[in-house]
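Novice: The following feature annotations were taken from Swiss-Prot:
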- 147: active site, proton acceptor (ACT_SITE)
- 452-502: coiled coil (COILED)
- 548-649: coiled coil (COILED)
- 754-879: coiled coil (COILED)
- 334-351: compositional bias 'Polar residues' (COMPBIAS)
- 352-362: compositional bias 'Low complexity' (COMPBIAS)
- 405-416: compositional bias 'Basic and acidic residues' (COMPBIAS)
- 324: phosphoserine (MOD_RES)
- 331: phosphoserine (MOD_RES)
- 343: phosphoserine (MOD_RES)
- 346: phosphoserine (MOD_RES)
- 349: phosphoserine (MOD_RES)
- 357: phosphothreonine (MOD_RES)
- 359: phosphoserine (MOD_RES)
- 442: phosphoserine (MOD_RES)
- 830: N6-acetyllysine (MOD_RES)
């Protein structure tokens, strides 16, 4: 999707649909930075005065610019606090975002720029107190500003302190991005990619640096190359206040903010309870400071306006003003301004240094080297016609006219019509009187001029930050990729474990079903065998009974026949008695046979019951054996499955270990490659910076050499003038002496005296001529030597400075490399400990599971045997109760019915 085409409803809701060029009128540039420009404007519908930050998202890094805009808009939308800038809305117009916010008079940095001296301690405390309230609000919502500095602490007309420029802010805490302005960066931000994450305490460090900035007009290390400052901050001790005139409370506050170790640094809430910000101070301290600054800005602008008027009059008269007249007027205004400035600001005795920190919202522009104030004294501006035109899609880059509420300075004298450009410049200083500001026109123009100039250092720092962010993205992308790979690996292993568990469960279910089927089959077979056994016994007993009955019949017949024979042989016994004896014998025989038959049936029944009981006992024992076999089979199966599971877990652990080591190696290799690339870039940047500084010094020396003849000529003319003055004096003295000698000597000696005086005058003039030539030669030699010595000293100083910066870079890179190697060693040791601990836990788990399995095996077998023993014991007791005795030694009949 093309950036700016709002198809996503969530993104579309971030922007208003109105045309900003129609809604806002009277746009005037009041600031500039790497992001674009900031404009003063008026809402055409409500007449509300606002500040508009224009940010283009076309050209290079379009996607990154668009994402930065979205992040800043989302960040600003959620802010609602008296000490944060009020968000009014955001509009889109032709690849440019119009970020509308409340208008503020200027920044704390502008106060330093206007007064050219540090602020008073009570003023610093008031500004710091307001900034701390804003930071406490941000930090309580897990937000980080990440670019706290004087240029981003704004002031309103009633003296309210506002935090601004959230382009570098983080919506998550902790964070680990390399962002911010070098001189104000906390050490953990500089080392973020190398050592880890940071939190809101980075803002506390930046606030401490800002306190030093307000107390000394510039942050520590500001005279150092920005890249070198980064290396210095990362590895050296925290800075402190230099002057001894600050109170102990202020010093403790700054030292507290600048604790090197983040864990020892206070939070914003803790700092709000510090004596430095809680002590009594005048309620109007900031209002008075703002008013004094506005007065000073007005005086500076009036001075510039008068300079423009001079140029106008000079052009009108077609000739320059009298030099002495101009100097006199300038001196008058300058003296007035000096008197005014001496009555403003701090009474500290800290030397006033012309340092331009600026109030740019961009974090990069604050890296500018100390600028010579004289370069921005004269400000060239265009008139209102090119500025107020709000219908054009792009406001002209020089539209920076200011308007004040107070009345302008009028001039009753009619002014001739000058040229357009000069007239516009003069008009600018009158129009600036229409709105309140604490930022002078020269400061705004200087910001624009600095931004328009090709700033190699700014581009270098932007490229360096971009590279660090890209490196971080690469690391995050690799970490995410490795995490996804590890998640996929673990998911695969988990699925394998689940599959094994499912398969094991299925196998156990199959085994259980198989065993149930076997038991059921055995039960059926046993029932059939028992029935068959019973039938066989019954059949045999029936057969035995039949045989027995037949035997009895035969025996009965034999006995009957035998008795009959005996009776027949005994003829003495009567027949009737014989009959009775035969009948009685029959009855006895039948009774005996009946008893024998009954006894046989009883024996058969007993035999049947006893053998059936014994058969049941055998079946029960066989069932017990099957149960034992089944439980052994089940337990053996479980053990086999558990051993397979353990082997699989060990294999998984080894594969995970191998993957973890490979991933750690890949991550550390990328990190080292990125650090090498970063160090190479830092070295190239430093070498490029060294060459640029040497080129600049060489150009300066060449200009000095080119300028030297003019300077020598001027000095020669000065010496010549001195010689001429001396000659004139001597000539006057000669005339006076000649007149005196002629008056006091006779007339006849006049000729001799005139000749003598003439010779003396000639001799003295010759001496003067010799002295003149000698002075010229000495001056020439002296100036040439002085220039050579000065240039050589400058070269030597530059070489020494660059060498120190290079040594600083090497030390920083060495430290980073050592820290990274130590980090890698810690990561490796941590991984080894984690792998070793995990393996120990796995082995312990395996031992515990095997022990639990063995315990389960023993308990289940024990319980089974005990149950079977109780069952047999109960069965035997029942058998004894039934009168069967010991069935263990019972022999089966020849036929095995089992």
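Counting starts with 1 at the first residue shown.
Heads up, the Cβ atoms here are built off N, Cα and C, so glycines get one too.
Keep in mind that this is a model prediction, so the values were computed, not measured.
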Novice: Name the residue among the recorded positions 147, 442, 830 whose Cβ has the smallest number of other Cβ atoms within 10 Å.
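Specialist: Candidates: the recorded positions 147, 442, 830. Fewest Cβ atoms within 10 Å: 830.
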Novice: Distance between residue 830 (N6-acetyllysine) and residue 442 (phosphoserine) at the Cα atoms, whole Å?
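Specialist: Counting only the Cα atoms, the answer is 58 Å.
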Novice: Could you pull the average pLDDT for the coiled coil (754-879)?
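Specialist: Averaged over the coiled coil (754-879), per-residue pLDDT gives 87.
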Novice: C-alpha of residue 442 (phosphoserine) to C-alpha of the residue listed as 'active site, proton acceptor': distance in Å?
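Specialist: Counting only the Cα atoms, the answer is 25 Å.
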